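Worksheet: one structure, shown below.
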Amino acid sequence: MEEMGLLLSVALGQVLSLLICGIGLTSKYLSEDFHANTPVFQSFLNYILLFLVYTTTLAVRQGEENLLAILKRRWWKYMILGIVDIEANYLVVKAYQYTTLTSVQLLDCFVIPVVILLSWFFLLVRYKAVHFIGIVVCILGMGCMAGADVLVGRQQGAGENKLIGDLLVLGGATLYGISNVCEEYIVRNLSRVEFLGMIGLFCSFFSGIQLAIMEHKELLKVPWDWQIGLLYVGFSACMFGLYSFMPVVIKKTSATAVNLSLLTADLYTLFCGLFLFHYKFSGLYLLSFFTILVGLVLYSSTSTYVAQDPRVYKQFRNPSGPVVDLPTTGQLEPSVTYTSLGQEAEEEPHVRVA
């Protein structure tokens, strides 16, 4: 059973990578073949789909899980999270105009230490030595792929303002890390539908404003026809699938495991590009792919554990209820609970406060 859980965790992450591959391919066709540089509009289409499916689902619910009830309790938190998600997407896409593809690939790995640190301090996740070994192996695999890009001359991007592009990537990776950790917290303690519904609501609103300000002229330049329409539909379908499926994978594994799995996305795009765009092949790409998979297996082979402080979870579980005083006799020590992030049960754990 443990082997099946391990394989399932790795396989689920690769499904996400394939969806990102689809997003990358459709974006490449739009920007290079049709000169449609509309990253904000493309994200806006995805947020509208999330709004139509998940926000409306919350709107028809009854009780505490209703849209209005959620907005009354946590509207400002989701508003901030929505802005973070929008700008993370925008900064990384914008970076391609200033720096090379290789730099983006390498610096985008910065999301991994961001997620680890945030998970440690805010989700109280504790790692073992094998997890750090797996992370290092995955990043080595990514470095191997970047080296192969240099050898075959696949350093796409102008690179004329490299420092600006690199800073944009680092900023986007940091925001991605914040978004992913918040997503893990929400899907574990609240629900996937609530997270996606609130993202759909606030991101549709704010990305619509950003679209009107920054990209209305670019949209007028797009040579609309059925091919471009299909590419936009394909992009939106892949992005919607990614957003809908990622919370499921994060709940079964973790935000860190998901970001490690996504390192293979560029390799899938490369393998497709060998046939579609006649990229040059290097044996280092295969070495990179298998190195990343080995790192994923190492990371997923052992469960992390969560140091649960009852005071933290009590405040979250009773956001609107009466405040119950903790015992004042003696020093309350946080308990340590070992949990398997790879094979989490459907029922959410109950934390008891003595």
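Cβ coordinates are placed from backbone N, Cα and C, and glycine is handled just like the others.
The model shown is predicted, which means the values in this text are computed figures rather than measured ones.
The feature transmembrane segment is assigned by TrEMBL to 45-63 (among others). For the transmembrane segment (45-63), same-chain residues at least 6 beyond its ends with a Cβ under 8 Å from one of its own Cβ atoms are 69-70, 193-194, 196-201, 203-204, 207, 232, 235-236, 239-240, 243-244.
What TrEMBL records for 75-93 (among others) is transmembrane segment.
Taking Cβ pairs closer than 8 Å, the transmembrane segment (105-125) reaches residues 92, 135, 138-139, 142-143, 145-146, 149, 166, 169-170, 172-174, 176-178, 180-181, 184-185, 254-256, 259-260, 263, 266, 304-309, 312, 341 in its own chain, all 6 or more past its ends. TrEMBL lists 105-125 (among others) with the feature transmembrane segment.
According to TrEMBL, the feature transmembrane segment maps to 132-151 (among others).
The annotation transmembrane segment is assigned in TrEMBL to 163-181 (among others).
The transmembrane segment annotation in TrEMBL covers 193-214 (among others).
Long-range contacts of the transmembrane segment (226-245) within its own chain (CB-CB distance under 8 A, at least 6 residues past either end) are made by residues 15-16, 19-20, 22-23, 26-27, 29-30, 34, 36, 42-43, 45-46, 49-50, 53, 196, 199. Marked as transmembrane segment by TrEMBL: 226-245 (among others).
Taken from TrEMBL, the feature transmembrane segment covers 257-279 (among others). Among residues of the same chain six or more beyond the transmembrane segment (257-279), those with a C-beta under 8 A of the stretch's C-beta atoms are 9-10, 12-14, 16-18, 20-21, 24-25, 28, 105, 109, 111-112, 115, 134-135, 138-139, 141-142, 145, 152, 154, 176-177, 180, 246, 249-250, 285, 288-289, 292-293, 295-296, 299-300, 341-342.
Residues annotated as transmembrane segment in TrEMBL: 285-307 (among others).
Taking pairs at least six residues apart, the transmembrane segment (75-93) and the transmembrane segment (193-214) share three or more Cβ pairs below 8 Å and count as touching.
Here the transmembrane segment (193-214) has Cβ contacts under 8 Å with residues 40-41, 43-44, 47-55, 57-58, 65, 67, 70, 74, 78-79, 81-83, 85-86, 90, 183, 186-187, 243-244, 247 of the same chain, all six or more residues outside its ends.
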